[in-house]
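K.L.:
Got these off TrEMBL a minute ago, pasting:
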- 581-610: compositional bias 'Basic and acidic residues' (COMPBIAS)
- 39-484: domain 'Major facilitator superfamily (MFS) profile' (DOMAIN)
- 571-610: region 'Disordered' (REGION)
- 40-60: transmembrane segment (TRANSMEM)
- 80-97: transmembrane segment (TRANSMEM)
- 109-129: transmembrane segment (TRANSMEM)
- 135-155: transmembrane segment (TRANSMEM)
- 167-189: transmembrane segment (TRANSMEM)
- 195-219: transmembrane segment (TRANSMEM)
- 292-313: transmembrane segment (TRANSMEM)
- 357-376: transmembrane segment (TRANSMEM)
- 382-406: transmembrane segment (TRANSMEM)
- 418-441: transmembrane segment (TRANSMEM)
- 461-479: transmembrane segment (TRANSMEM)
Amino acid sequence: MEESYIWSKIQGYYGETKYNGSTKSIQDDRSILGKPFKRWYIAPAAMVFQAICGSVYAWSVFNLPVDNAIYGSDQKVAPITFYINIGCLGIAASLLGPWLERNGPRKAATIGGTLFCLGHWVAALGIHLKSISLVFFGYGVVSGLGLGLCYISPISALQKWFPERKGFGAGLSVCGFGIGGLICAKIPLPLIQAIGLTLTFVVIGSCYWVILMICAFIFRFPPPERTKIRGPIYRNGTLFITRKQQKPGSAQDEKSMPPVIADSKTPPQNRIVFEPAIDLTLREALSTYEYLGMYMMFLANLVSGLVILSRLADMCINVFDKSADTASTVVAINGGFNFVGRLMFSSLSDVIGRKPSYLVMLGTQVIILAVLPLIFVTKNYWAFLLAIWTLTCAYGGGFGTIPAFIHDLFGMHNISGLHGILLTAWSIAGVGGGILFTLIYNYLIHVKGYSPGSPEVYNANFYWLCACAATGFVVLLFVRSTVKDRLLPRVGGEVTRMRVFGRILRFEKTGTFRFKFNYLKPEEEEKEWTSFWANIKYHEETTVVTTTGSMGDVMGGTDRGDMGPVANVTVGGTGVGGDLNRADTPRIDNPRNEPLSRPDIPRGDVPRGE
């Protein structure tokens, strides 16, 4: 009984993620400091907020000072703090994402920022008491948990404020995190020399807290009136139709009201028919094939970048015989490419689509990782720099594009929850990938007798990193990123399918251990889609659908919010399962008073995915 109760609570927590803001709080969010709030206020605040959070990438500058302060020498223990921090980041983001969606980004950013800075102060106490355990707990656990909330807060807000430029909005936020390590890395050492290591953590934590609280004050979700109804929603086998009410006597353009069903007598080129959105709760989204594929793809995109980032300076010094200063410069420039990749690929995805953008990123990583062993053997330094910086650009692009990809496939109200769980891939890639790389590296040096400057100790790792990227590329091919691909039912014997050059390629089982590929012609796909569309049920809603997790604002459905009454029409006389070809079917906002019919192939407001 108790186990069933706990499980039901977990299901409920990951089920509905509707924002619980009160009427007063929503009204207050319409203005800031007495002036109307504009969405562009959030953009610079998000970048500064993320840059402060990105200071975690500069932890390496503390490694030697912390070890010397606690042990009196370099014991290589302090770097563990960073791994604990990244691990807790993923845990917090995955557990608290639904909570953020219900309570808003300001509250989440305030709590997360306070925890992040509190961890600095606890670490200062640990250094003062010469306790590495307190440092692990403070900067590793407490700051890491706060960082998980901090990371997803501005991303969720920007995605909702910039629905027409989701990639740009996400990239704008996460690019600050990418450059934060570069900016904040220059702060600690002068402070340590001036006031000591303990006070450095106290001062940095205090300054960070003030900046984070100012930024958090600006964060908010958009008010309900910014949401718009854009077409029908497909949920559990029924097409729910919602319409925005026009004012009586208004002379609005007919095209501003997307018809639910196309007029049979209207020329095809003039029809305005929107594909249905797929309405999912957070729990339902987590169980989809698409989300599993996105997780594997995201993990493959991150692992090579994280591993190489942690070893870049060593590669420059040991393999290419460069000085420590030169290696430091290479690492700094590499941070710039991380920044550029986050903004460039996320903005590019608004033009070519999320899936093609990831195919470009993962394909680039596969090629570079396959070529790097040759570069290391020949010790071509400039080819090495070009390859590493390009790979880092693709690595950063993965962070910048993933929130918009989630928004496209699962809706704006699932961003924080799904994004938070995806960030556990960051923890796995950073910790697991780093450990595997180190095990192979140490084995080749201590057992096989290779020197740290031998190309073989790195090349052996490039092979499995290349295999990871290639696996992610292949998995991504099977992620269905359009409404039609996701709704089109499987045929008898179909094992899986993917879209190649705009056409569906099916892998079908024809017998015991017998399979075949079926490359559908456009007319065959059209026939199957029309057959599916002809057998679904319709229902005319009298209020805006408010089920959490709707993909409406992306794929032609409805956003959340009280948009007022809509057309009260019952299709087919019963509201469910109505026959739209019947002569007595009521007309829906049809000024020409012409009969309506089921659309052949719904087209229109769909995300660019293939």
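Each residue's number is its place along the chain shown, starting with 1.
A Cβ is built for glycine as well, from the same backbone N, Cα and C atoms used for every other residue.
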K.L.:
With the transmembrane segment (109-129) as the reference, find which of 40-60, 135-155, 167-189, 357-376, 461-479 contributes the most Cβ pairs under 8 Å.
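P.N.:
So the stretch in question is 135-155.
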K.L.:
Tell me if the transmembrane segment (80-97) touches the transmembrane segment (382-406). I count contact as 3 or more CB pairs below 8 A, with pairs 6 or more residues apart.
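P.N.:
Touching, no - the transmembrane segment (382-406) and the transmembrane segment (80-97) miss the threshold of 3 or more Cβ pairs under 8 Å.
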K.L.:
With a Cβ cut-off under 8 Å, give me the same-chain residues at least six positions beyond the ends of the transmembrane segment (195-219) that come close to it.
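P.N.:
Those are 32, 41-42, 45-46, 48-49, 52, 55, 62, 65-66, 69, 104-106, 109-110, 113-114, 116-121, 123-124, 127-128, 150, 153-154, 157, 187-188, in sequence order.
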K.L.:
At a threshold of under 8 Å on Cβ distances, which of 80-97, 167-189, 292-313, 357-376 pairs most often with the transmembrane segment (418-441)?
P.N.:
80-97
K.L.:
Quick check for me: are there 3+ Cβ pairs below 8 Å between the transmembrane segment (135-155) and the transmembrane segment (40-60), leaving out pairs under 6 residues apart?
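P.N.:
Touching, yes - the transmembrane segment (135-155) and the transmembrane segment (40-60) meet the threshold of 3 or more Cβ pairs under 8 Å.
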K.L.:
What residues elsewhere in the chain lie close to the transmembrane segment (40-60), defined as a C-beta under 8 angstroms and at least 6 residues from its ends?
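P.N.:
Contacts with the transmembrane segment (40-60): 32, 79, 81-82, 85-86, 89, 109, 113, 116, 139, 143, 147, 150-151, 153-155, 157-158, 161, 169, 172-185, 187-188, 204, 208, 211-212, 214-216, 218-220, 335.
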K.L.:
Summarise the model's confidence over the domain 'Major facilitator superfamily (MFS) profile' (39-484) as a mean pLDDT value.
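P.N.:
Overall, the domain 'Major facilitator superfamily (MFS) profile' (39-484) comes to a mean pLDDT of 83.
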